[in-house]
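**Q** Straight out of Swiss-Prot:
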type     : residues                                                    : note
ACT_SITE : HIS141                                                      : active site, proton donor/acceptor
ACT_SITE : SER262                                                      : active site, proton donor/acceptor
BINDING  : 4-5, 67-69, 93-94, GLN212, SER263, 268-270, ASN276, 307-311 : N(6)-(1,2-dicarboxyethyl)-AMP binding site
Amino acid sequence: MINRYSRPEMANIWSEENKYRAWLEVEILADEAWAELGEIPKEDVAKIREKADFDIDRILEIEQQTRHDVVAFTRAVSETLGEERKWVHFGLTSTDVVDTAYGYLYKQANAIIRKDLDNFLSIIADKAKEHKFTIMMGRTHGVHAEPTTFGLKLATWYSEMKRNIERFEHAAAGVEAGKISGAVGNFANIPPFVEKYVCDKLGIRAQEISTQVLPRDLHAEYFAVLASIATSIERMATEIRGLQKSEQREVEEFFAKGQKGSSAMPHKRNPIGSENMTGLARVIRGHMVTAYENVSLWHERDISHSSAERIIAPDTTILIDYMLNRFGNIVKNLTVFPENMKRNMGSTFGLIFSQRAMLTLIEKGMTREQAYDLVQPKTAQSWDNQVDFKPLLEADPEITSRLSQEEIDEIFNPVYYTKRVDEIFDRIGLGD
């Protein structure tokens, strides 16, 4: 992933140095397991643990000849050892090392993502509580519907991210796995003890059955969950973009002193962070498709998945880490304009209270059809002529014969729409 969208801690996990360190650890742990079984002299394993190392340039040099990165790696490591070098890669096939190391790298990446998710959820919770009763316009189809609160909008984000966290924990466990079962997965040249020993030491699970590779449905699910997280962020970002439009200006991304919004128009303050999230979510969903394409391999294995995973594994985890942190800061520092929200509610002449007017008339004895057919023409008159809805109700004897002035006034009270907010917050775990 390019540096622009990378954070150092996550990027370092996918560095060549860290990858080869993981490979080397798998190799050494496998030898330790063999030694536990009495198949390899423990003194040789001790020498391997002490002296085994690699030089990346040397690996690449050897690979120019071998055209096989694992063979190049094992030969480069062997050059740093004495006679004990014969135990390097003993009983292993390349993917025993690569897939198990991948499981270990995913574990490292997931630890960062887990912290990111927890921090992001906390930011949303704080902002939702802050604006729990900040009344604003609810919109459906882009059209004014009925009042809601900005806190409730944020609460839907909170609930969605909680579900994403649950999905993430399940999917993360799937890819934090290793396999050391040999060339076709039948343990012909290596006992299951070695697999269990290595995986236990790495803190990952041993996959119960494999071919030459771990089953890639595990990875497809994992990348699908990361895509779900990215898409949730995109949904939230799209909301901010919509609410920041000049004619609404209900929220605004923080705009720093000296920041520029356009090379041509000095007045511009664009929601570039949220737009950035939309673009990156598209990339991650594309990687999800690639992960699903990787499931169908020939027989016990081919390497069609390998080239793709060298890209999507680092890029997707790096991007999710970046997105959670950047969008978390956007939400944390978001400027909210309650007065603009109030102003916008009034821009549709009180029509947003039409359902309540209809329901109140039903409560006073009208059928639903009668009430609907009485109210709807007045909404059309209000909208078409750009006049307030309330006076049209007050001028109709059929309505005033059923409703007092106080009851009509109450219909147009936006606070009515906040009466269940506490209950909803309690239901999703955001109650005080």
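Cβ from N, Cα, C; glycine included.
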**Q** Taking the Cβ of HIS68 (N(6)-(1,2-dicarboxyethyl)-AMP binding site) as centre, how many other Cβ atoms lie within 10 Å?
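**A** Cβ-Cβ neighbours of HIS68 (N(6)-(1,2-dicarboxyethyl)-AMP binding site) within 10 Å number 13.
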**Q** Determine, using Cα-Cα distances only, which of these recorded positions is closest to SER262 (active site, proton donor/acceptor): HIS68, SER94, HIS141, LYS268, GLU309.
**A** LYS268
**Q** Whole-number Å only: compute the distance from the Cα of SER94 (N(6)-(1,2-dicarboxyethyl)-AMP binding site) to the Cα of HIS141 (active site, proton donor/acceptor).
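**A** Taking the Cα atoms only, SER94 (N(6)-(1,2-dicarboxyethyl)-AMP binding site) lies 54 Å from HIS141 (active site, proton donor/acceptor).
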**Q** List the same-chain residues at least 6 positions away in sequence whose Cβ sits under 8 Å from the Cβ of ARG4 (N(6)-(1,2-dicarboxyethyl)-AMP binding site), in sequence order, or say none.
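**A** None - ARG4 (N(6)-(1,2-dicarboxyethyl)-AMP binding site) has no non-local Cβ neighbours under 8 Å at 6 or more residues apart.
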**Q** Could you state the CA-to-CA distance between ASN276 (N(6)-(1,2-dicarboxyethyl)-AMP binding site) and HIS141 (active site, proton donor/acceptor) to the nearest Å?
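**A** About 24 Å separate the Cα atoms of these two residues.
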**Q** On a count of neighbouring CB atoms within 10 A, which of the recorded positions HIS141, LYS268 is highest?
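**A** Result for the most crowded candidate: LYS268.
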**Q** If I restrict to non-local contacts, at least six residues apart, and a C-beta distance under 8 angstroms, what lies near GLU309 (N(6)-(1,2-dicarboxyethyl)-AMP binding site) in its own chain?
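**A** Residues satisfying the criterion: TYR102, HIS219, ASN294.
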